[in-house]
Amino acid sequence: MTHKLTPMMQQWHQCKEQAGDCLLLFRLGEFYEAFFDDALILAQNLDITLTQRQNVPMSGIPATCLDGYVDRLVSRGFKVAIAEQADNTEGSKGLVPRTINRLITPGALLSSSLLPEKANNYVLAINQVGSLYGLSCLDLSIGTFLVAEYDNTKDLIEAICRLAPTELLSHAKFYQKNAAVIKQLQQHLRITLSEYVSWAFEYQSATKKLYTCFQVSSLDGFGLQGLVPAINAAGALLSYIQDKLLLPISHLSIPKIYGQQKHLLIDKASQTNLELLSPIHGEHGKGSLLQVMERTSTPMGGRLLRNTLINPFYDLKEITLRQDSVEFFLQQEDLRKILKRQLSCVRDLERLATKISTSLATPKDIGTLRDSLLSCTHIADNLQNCALPEFLENKFLIAPPLCSLIKTLSTELIQELPLKVSEGNIFANHYHPDLLRLRNIKENSKSWILEYQERIRNETGIKKLKVCYAQALGYYIEVASNLAPQLPKEFIRRQSRLHAERFTTQELQQFQDEVFSVEDKLQTLETKLFKELCFYIVEHRDLILKLSTAVADLDYVVSLAELAAEYDYRRPLVDHSDALSITKGMHPVALTLLDKGTFIPNDTVMHSAQTRMILLTGPNMAGKSTYIRQIALLVIMAQMGSFIPARSAHIGIVDKIFTRIGAGDNLSKGMSTFMVEMAETANILHNATDRSLVILDEIGRGTSTYDGLAIAQAVVEFLLFTDGKKAKTLFATHYKELTELEMHCQHVENFHAMVKENSGQPIFMYEIVKGHSKKSFGIHVAKLAGFPLSVVSRAQQILHQFEGPDLRPEPEKAQQLVMF
């Protein structure tokens, strides 16, 4: 810029320097303005007008619409800084001071319409010390604070993908050194990258921040001793939140080590392949296991269900406790319905507690908390005389201090609370001795106005004279213009209108001063009382959060009981055996999408001492993929403590589930279909154990027939004969040669998707039966897909030629394909 900057633009540049990579919204009167590149971004993303002044691009949004526009920007991954102007007292001259008082980023949301109701919203910091990686993540909206440490990038990436943060924080050197890790994360997650000063990630700075935040002199009590990279990440994250984003951190829970409790591990690829949270194709959520299982009534219960779905239990005790509770509520139908109704009245206790702790709560939020806590007492009343299962014992014994708080909120507040403190009418008259007195004065003012209006009408003889109020004028007397000369001299003219004149009197002015004084006093008093009430609630925050956890647990098991009742699910036997036996099992998602009674159930029997691997053959569209996915989903549900869609089941606890299903190019990685397939299969071979469940669909199909067959057989042999890798495996394949493995290994059993023929046309039965498939019916599927009839006919001719004796492999060579 060649021209001299105005004082206001100098001020903008100072704020922009502080905002860094954030889009700066700069308050100018009743608008928030953006300049230069920020103006272009604002105009492009919000569809607002871009203008120029002195060759400076600018665009703006009304101050009254700020929150909605900011949410739109943040939802697109932008970080936004808000520069507010200080109150300018009347008559003051010069430039109004402006400072940044808020920075909003995708991961650091305390209260926003962007917060997913039944999912966490994490900001995650990552750091490296030597070969160790430390991470720390926060959900500011509920105060959850997690840390972890990993010695390899694979486990690090898997952990971050499970947490699914919306914002990632580190320093420049880490981003440069670990570009490959960041690239992988960006391929799996929609994530905003944020950069922070490197010194905040140093041990001395990080520990000091943690000590200050939690008012301790040692981190050993949190179990963090020796976890230097994790401590560095945690301290830097706190510094970023408090010092950079200017957000409160006093409400955070003490840091907990993520993954300390062992879970059934489901890697990101398997979560996607099994469509746990969202379908691979179609609308978001619909067709996923989460959508089928989601019967929760509270946000806390919904978050618990989602987290448990991708982190099922490995501890048998945890599984059994929840199964017992599901069974209890399945049998108690009337109680279940009552609890469902009462749970639906409980709002997000965790996020309400956070809003109150961070001074962001409105009176309406306090009313929501009150109503939710009252609903919790009704739930407790309904449970107190029940012989509850162990999982829920004593969880709804509401502590006396919390009972006292609930009583205060129930008796001392007005039922319908306002959105803003400034609107008043928050507390009952008896809450404070001055409330009733001031309210009476304010209320009596209405009758005084009516009496005064009637009196001066009689005195002046003007029957249409009115006493009115306007924000700009205050109280005034209005008469028609032609009647104004009839008013006495003590009437003081205030304003002339087209057909009316407005006046005041000394008496009316004196009344106005008294009323305004009362209103100011009343607002000041209620504001003070509201702050004191919020502080009183914050003192009970831990008890509220404990009750919130109890509500989430109850909601979780009641919702699973509701699901079991709706679809006639049965309780699986889960134990430490290596059994996998399912009678009349059904795919939980497909079951809900088909007409009742049309889904064909199938059995599964696997045992390490007998069948460890099922080789599944059959044509496309016959149900192979549905069947093998079904087994994995039923195991996941069982280890969540849920009942499952089966007549009966015996499931030995599984430690990991791996899937290799389908294939697709990953152009962003520069990986072909076959490379993706091989990379995912390699991951399975390296990480599967004897207690794992492996689902493989069409391994080796992305290369030549014999290459693919050789790879497929080598994978089968590895999983059958390598100590520590003998996972239960379901392998769907079109390679008929592999079915001969059954003759060479007692742990392999052939099954196929049954097809009947009618006049040469296949009829898919969707039954999985013993033996291998004789035909693939691929040409029939091509015909169903709409191939031109000439192409179908030619394919049949070529197939007959291939099946002729001249093109069949020699017996010796064919036999070599199945030799170990």
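Backbone N, Cα and C define each Cβ position, glycine as well.
What Swiss-Prot says about this one:
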type: BINDING; residues: G618, P619, N620, M621, A622, G623, K624, S625; note: ATP binding site
Report summary line: By a 10 Å Cβ neighbour count, the lowest-scoring of the binding-site residues G618, P619, G623 is P619
Query raised in the report: Of all the binding-site residues given, M621, A622, which residue's CB has the most CB neighbours within 10 A?
Result: A622
Requested in this report: Please report the DSSP secondary structure of K624 (ATP binding site), reduced to three states.
Outcome: helix
Query raised in the report: Does DSSP put G618 (ATP binding site) in a helix, in a strand, or in coil?
Result: coil
Query - Other residues, Cβ within 8 Å of G618, P619, N620, M621, A622, G623, K624, S625 Cβ centroid (ATP site) - result: A753, F764
Report summary line: Cβ atoms other than its own within 10 Å of the Cβ of N620 (ATP binding site), all chains, total 19
Report summary line: Between the binding-site residues K624, S625, the one whose Cβ has the fewest other Cβ atoms within 10 Å is S625
